[in-house]
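Report on one structure; see the data block that follows.
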Ligand code: GAR
């Protein structure tokens, strides 16, 4: 079984989808840790309800990114995490974490990358008046939403769609695409050195 750590900053619906997929066997893994950089975010309640250990921290209370990432690596090793998945974690991963988990960090982003990277990808797509946007799952590198793409799915934006409609369509795709791609990663990377 692959030990998965989920990093999130908000609602945590993608954490929920992945945790549920681990429980029902769609993913051959267990969520062993939730990391949250926004104390009080709803994902913390979800982690508690799912019985998953939570590490909640406030980046401002550390002297540097290197300092909190070193602590995160310690927690990840304590939980024997093999894979990190970012699920609405709104922060760039720094070199300490990248080095410790090279090739083992995934991210989900609500656009067809390389279109609309960064903040508010759905707002950017609406502003650009595109007819098609979508969801991307990719490996994380040092850039902003730039690593190798593992999976993508399009979502159409119809003329009558409001922002909430587009958000709902995107979330629905995310909640199946992320578990599928995590399982794909697990199968593809089976022989990878553990912990
Ligand atoms: C998701 O739509 C995810 O793609 C996006 O944040 C949302 C989190 O929702 N991530 C990014 O924009 C990363 N650049 P959730 O908290 O309900 O899972």
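Glycine is treated like the rest: Cβ placed from N, Cα and C.
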Of 60, 65, 74, 131, residue recorded by TrEMBL at the (6R)-10-formyltetrahydrofolate site of 90, 91, 92, 93, 107: 65
Sequence-ordered binding-site residues from 12, 65, 92, 93 with Cβ under 6 Å of an atom of ligand 1: 12
Candidate with the highest Cβ count within 10 Å, taken from the recorded positions 65, 91, 109: 109
Alpha-carbon distance [residue 145 (site 'Raises pKa of active site His'); residue 65 ((6R)-10-formyltetrahydrofolate binding site)] in Å: 19
Rounded to the nearest Å - Cα separation of residue 13 (N(1)-(5-phospho-beta-D-ribosyl)glycinamide binding site) and residue 107 ((6R)-10-formyltetrahydrofolate binding site): 14
